[in-house]
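A.B. asks: This structure is in structure tokens; I'll ask about it shortly.
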Amino acid sequence: MHSTQDESTVSPFSADRYAASVPDDSTPQASPSPARVPTPAEVAAASRRQRPRRRAVIAEDEALIRLDLRETLEELGFDVVGEAADGAHAVELAAQLRPDVVVLDVKMPVLDGITAARQITSQRIAPVVILTAFSQRDLIERARDAGALAYLVKPFNAAELLPAIEIATSRHAELLALEREVTELSERLETRKIIERAKGVLQTVHGWSEPEAFRWIQRTAMNERVPMRDVAERVLRDGRADGPTSS
């Protein structure tokens, strides 16, 4: 006897089952939602979190303004490592703590902010930002002449304070780099003068030509592993070549 199959039963290999398992290309697919773009404030905050916190010294004789300044700097990612109520104390703190920036009010007891700025910048301690309630031209010029690299009129907010600090720190770094370059150039020029004088001594004492005297200084420096300037200074001190004189 042959068993019969219910015609309503669908074979696991039937076309109907296969068609049901294949997605219909005509059915619209949900597109992924676009990635959220961070706001400029969020980008700035992330940047501050990634870099080391900078250190600041502040000086303001009014306690409430000093507190507000401290809180603003901390929100901007700074560690306020020193606070002063007068300019003299600010100079002491700056020299002791060597912060990344010093923010000074203009009108303070004992020592005003401009005089304090002059003392701090003359020692190349840190860049200075001046705060004042006045925007008088002569005051701005005095602050500039004292070495202040940025100037901010009170009342201020974080959006104004941060650019002022960035400008001051950037200019300070540029000035230090320029001073180093000038110093290096001066040293190279002085070295060249000393070597020229030493060559003259060797030419006179040993009868060498200028190239022979230079080669002796150069070879002696290489053999002794010292700068040519050291060899030249020794020649000037002794008045002759103090080693093998074969040029």
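Backbone N, Cα and C define each Cβ position, glycine as well.
According to TrEMBL, the record shows the following:
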type     : residues : note
COMPBIAS : 1-12     : compositional bias 'Polar residues'
DOMAIN   : 55-169   : domain 'Response regulatory'
DOMAIN   : 175-236  : domain 'ANTAR'
MOD_RES  : Asp105   : 4-aspartylphosphate
REGION   : 1-52     : region 'Disordered'
A.B. asks: Just to be sure I understand the packing, how many Cβ atoms besides its own are within 10 Å of the Cβ of the residue listed as '4-aspartylphosphate'?
C.D. replies: 26
A.B. asks: Just give the helix, strand and coil counts over the domain 'Response regulatory' (55-169), going by DSSP.
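C.D. replies: The counts are 55 helix, 26 strand, 34 coil.
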A.B. asks: Using DSSP, break the domain 'ANTAR' (175-236) down into helix, strand and coil residues and give each count.
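C.D. replies: Summed over the domain 'ANTAR' (175-236), the classes give 56 helix, 0 strand, 6 coil.
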A.B. asks: Average the per-residue pLDDT over the domain 'Response regulatory' (55-169) and send me the rounded value.
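C.D. replies: Summarising the domain 'Response regulatory' (55-169) by its mean pLDDT gives 90.
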